[in-house]
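Notes to accompany the following structure.
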Amino acid sequence: MNILGIETSCDETSAAVLKNGLVASNIISSQLCHSEFGGVVPELASREHDRMVVTVVEAALNAANIKKTELDFIAATAGPGLIGAVLVGLSFGQALGFSLGKPFIPINHIDAHIFSSFINDGTQHTFPAFPFVSLTVSGGHTMLCLVHDDLRIEPLGSTIDDAAGEAFDKTGKMLGLNYPAGPVIDKLAQTGDPNFHQFPQALTAQSKTGNDYKANLDFSFSGLKTSVLRYLSGQKPEFIQAHLNDICASIQEAITSVLVRKTILAAEQSGVRTISVTGGVSANSELRRKFEAASKAHGFSLHIPKPVYSTDNAAMIATLAHLKAERGLIEPCAYNAPAFAGYEKMKVFRAR
């Protein structure tokens, strides 16, 4: 079974080919034009996707040594994401499927991150056992869910305001760091003191039902951003520069600690022994270290994709399409892109 995956939800134009579940190619073109603006400009993103999508798809097919006519399925991100950006890949994928008479599978971008722990490029030997608790954490999303064998996703908690990745980027911008600031903070924090300043961790209280205590599995990072802003406004520029690494480490500590703590609580409350951590922020070295230590201490099986599969990529789109096709979870239908897709079922579009 040969599947072409296409990803254009934000600022990466990516295409990948899976051959019988194995990654044969995964081409990613990152848009560098947004760095001068300190964030992604939607109109620029759409135009860059439109300019690059044909080139990237052709590169993926060539790298996999496969012809378009040999494809069995074509899949593309259908939301959520920047609506103009999503429409580029979605429209291209549908048109390609129609022209070839191949089935098209629209893929929920968040779901693709959740199942990115199943990406197989030949080097992975173990994959999450169902059911498992998944933490998906990126610039636009922070959520916990319970994942079942039929690919059903049961939400457990999510951010009530800002995503963890956004907290990294916005606090980094306050510090004068380049966009995206997450990787920069990660690097600077490695030589900083995480206890230099204690920034707040929100929604950590537990509620009592009868004789049982239940953790709040939602997240909030808007208060952290405000706290960092107030802290920095009270310091002299010389002080901030002298302690930049320590401040970065303290910010990273506040974000990563609450992510790990709530994921462990979610697994314990759900009664599962397997945890998966995905999304762009899962590439953070301190988050990985904390999860490895916590999983070992609590006896959980931990699965985190390689960094190249943590950020937006088409291999995860094709992988989820493969899992759906294996289970027969595709049906003929037309599909359009919503700006926010939530968890509604996304079906297959088949050329008639």
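Using the three backbone atoms N, Cα and C, a Cβ is placed for every residue, glycine included.
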Site-mate of Thr136, Val137, Ser138, Gly139, Gly140, Asp169, Gly182, Asp186 for substrate in Swiss-Prot, selected among Asn62, Asn65, Asn245, Asn284 = Asn284
Reduced DSSP state (H/G/I helix, E/B strand, rest coil) at Gly182 (substrate binding site) is helix
Rounded to the nearest Å - Cα separation of His113 (Fe cation binding site) and Ser138 (substrate binding site) | 9
Would you list the other residues of this chain near Fe cation - those whose C-beta lies within 8 angstroms of the C-beta centroid of His109, His113, Asp312 - in sequence order?
-> Glu7, Ser9, Cys10, Thr77, Gly81, Ile110, Ala112, Ser116, Ser138, Gly279, Asn313, Met316, Ile317
Fewest other C-beta atoms within 10 angstroms, as judged across Gly140, Gly182, which are the binding-site residues = Gly140
